[in-house]
Amino acid sequence: MNPLIIKLGGVLLDSEEALERLFTALVNYRESHQRPLVIVHGGGCVVDELMKGLNLPVKKKDGLRVTPADQIGIITGALAGTANKTLLAWAKKHHIASVGLFLGDGDSVNVTQLDEALGHVGLAQPGSPKLINMLLENGFLPVVSSIGVTEDGQLMNVNADQAATALAATLGADLILLSDVSGILDGKGQRIAEMTASKAEQLIDQGIITDGMIVKVNAALDAARALGRPVDIASWRHAEQLPALFNGTPIGTRILA
């Protein structure tokens, strides 16, 4: 069975309850299914807390974090360090053999600078599946942070949804974007079960999908197109439904190419 990438987002990394639910679901799933799993994570909340503590400004442009040269080291420490090792610690606590990686390990995802105006923000493209496939074949759970590196050795902060998409393309994997919201909501706050590109454009034009959710929806649409298969946006809050989700049952919004 092709691998499944679970991209973690939102306040999940900041919530012990959420992490407990997620890792319990992962244990249950791994006990009953052979499907290889990969976790990709960002950690915006971890970065925001650190920046606040250091009295550094947080700037965003079109939903993407602006990353000046003097901040990339701090952001790398937060994402590839604190956030990544927090997840490895939870995996250890639940007796899951895991390995912490960043996008540059084994050239798994190739990264170039997205836009000079954004600073050290990277564009992710598919890379080599060798390292991660080797880990999966040996029963490890790869936990991959959304920090990448360019050919000339510049560290880059990559939008985690886009990083997960590039890695899914690399591995031929299915993709779930797991966050705080149970999916995409319509104007009345009701979950939308399925979403096409035209429906997404309509909701963006109407101002119903805004800010970070635009980035998330576009990343999911890009992923669905790139992978040639649906991508799920769902919430970690319904832990009892997660094993079904990991097995292909939609519980949030299914994004169609």
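Residue numbers in this text run from 1 along the chain shown.
Here the Cβ of each residue, glycine as well, is placed from N, Cα and C on the backbone.
Note that this is a predicted model, so its numbers are computed, not measured.
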Quick check: of Asn133, Asn138, Asn157, which does Swiss-Prot put in the same substrate site as Gly43, Gly44, Arg65?
Asn157
Give the distance between the Cα atoms of Lys7 (site 'Transition state stabilizer') and Gly43 (substrate binding site), rounded to the nearest whole Å.
11
Work out the three-state DSSP category of Ile208 (ATP binding site).
coil
Candidate recorded positions Gly43, Gly44, Arg65, Lys216, pick with smallest Cα gap to Thr210 (ATP binding site):
Lys216
DSSP three-state assignment for Asn157 (substrate binding site):
strand
Same chain only, sequence gap of 6 or more: which residues have a CB within under 8 Å of the CB of Gly44 (substrate binding site)?
Gly9, Arg65
